[in-house]
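Undergrad: Once you've had a glance at the structure underneath, I'll fire off some questions.
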């Protein structure tokens, strides 16, 4: 269970770094807004899911 928690936490940290760089770039680029908007919403949904998963796994690990 601990390894699963660590993997989920690592995925959350990596996705957070990607979103910190990717979202401002997507907002600043004038072309292909529809594709960028879908990627931002997909990344945001995945980020929220990972936060919930890490929270639940933290309950079981600690």
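Each residue, glycine too, has its Cβ placed from N, Cα and C.
Swiss-Prot feature annotations, pasted as is:
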- 1-4: topological domain 'Lumenal' (TOPO_DOM)
- 1: N-formylmethionine (MOD_RES)
- 5-25: transmembrane segment (TRANSMEM)
- 26-36: topological domain 'Cytoplasmic' (TOPO_DOM)
- 37-58: transmembrane segment (TRANSMEM)
- 59-62: topological domain 'Lumenal' (TOPO_DOM)
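Looking at the shown structure, can you explain where the listed features end up?
TA: Same-chain residues lying 6+ beyond the ends of the topological domain 'Lumenal' (1-4) with a Cβ under 8 Å from its Cβ atoms: 57, 60-61.
Within 10 Å of the C-beta of residue 1 (N-formylmethionine) we count 8 further C-beta atoms, all protein chains included. For the recorded site, residue 1 (N-formylmethionine), the DSSP three-state label reads coil.
Across the topological domain 'Cytoplasmic' (26-36), the prediction's mean pLDDT works out to 87.
Packing against the topological domain 'Lumenal' (59-62) from elsewhere in the chain are residues 1-2, 5: each is 6 or more residues past its ends and has a CB under 8 Å from a CB in it.
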Undergrad: Within the same chain, where does the transmembrane segment (37-58) have neighbours whose Cβ lies under 8 angstroms from its own Cβ atoms, ignoring anything closer than 6 residues to its ends? I mean 6 or more beyond.
TA: 1, 4-5, 8-9, 11-12, 15-16, 18-19, 22-23, 26
Undergrad: Any residues 6+ beyond the ends of the topological domain 'Cytoplasmic' (26-36) with a Cβ under 8 Å from its own?
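TA: That would be none at all.
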